[in-house]
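J.: Quick one: the structure is below, and I'll ask about it shortly.
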Amino acid sequence: MYQILIGCVWQKSPYINQCTEFQPPLSFVTPERMRRFMRCWARLELVYMLAWIVTTKLVKATRLDFTWGPGEPKRILEASCGSGPIMKGQLFTSPNIKNLLNRTTGIMVKAHCNPPEAILWVDTPPKPVWVNPFAVVQGLAEDVTNGNMPQDFKEKLLFALDDSLSQSQSSPDEILGPPPLGCFTGPFFLSPPKSKDIAEGLKDSCIPASYYANLQKT
C-alpha cells in the first residue's frame, strides 16, 4: 500500500499522492504544477473543515446547551438532576433579574431530584433561572391557600406541592416559613425545641447549596 519516493512515504491515493509527492525547487515549478498544488490545498482545507463541523456537532449533542428558545422548557424537565448551573456549588440568592415577578411565565419543580429543583421560566430573553426549591414551593402553597378557587381543586394542588418536597424527605413548616436565602434546608427539618430556637433567631439552620454539590461529587 505504500511506496518510497525521494526519502518520503506516500500512500496510493489519486488525491493525496498529488499533494505529498516530492516537488522540485521553486525555480523549476511550472504554472501547471502550481495550479495542481492549489487544487490539492483546497481539497485538504475542505476535508479539515468538514471534520471540524462534524466534531463540533457531536460535542454539542452530548451536553446540555444553555441557550434556550421559546419552546424549549421541556428540555429542562428531561435533563438529569444537577444539570442546572445553580446546582454547581452556588448559593441560592435572589436572582439578578429586574422585574422578575412580571417576567416569569412558568414555574417547574423537579420533585424526583434530591434536593428538589425549582426553575423559573423567564421571558425576554427566554431562559431558565434555578432558584431555592423550598422557598418556591412554600410561596406556591401560600398563593394556593389564599387563592380564589374551588376547595377540592385547592386541596389537590396543595397535596401535590407537599408531595413534591416529601419525595426528598422534607416538608415545609407553615408557621416558620421558607428557609433564608442561600440555604436549602430550613427550620422544618428539625424538631422542637430546636425549631423554636431557629424561629426566634437564636440558632442558624442554613445549609448552603455547596454542601449538596459536594455530596453529588462523592
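Cβ atoms are placed via backbone N, Cα and C, with glycine included.
As the structure is a computational prediction, the values presented were derived from the model and not from experiment.
Got these off Swiss-Prot a minute ago, pasting:
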REGION    57-185  region 'Interaction with gH'
DOMAIN    60-218  domain 'gL alphaherpesvirus-type'
DISULFID  Cys81-Cys113  disulfide bond
DISULFID  Cys183-Cys206  disulfide bond
J.: I need the least crowded one of these disulfide-bonded residues (Cys81, Cys113), counting other C-beta atoms within 10 angstroms of each C-beta.
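T.: Selected from the disulfide-bonded residues Cys81, Cys113 on minimum Cβ neighbours within 10 Å: Cys81.
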J.: Where does the mean pLDDT land for the domain 'gL alphaherpesvirus-type' (60-218)?
T.: 64
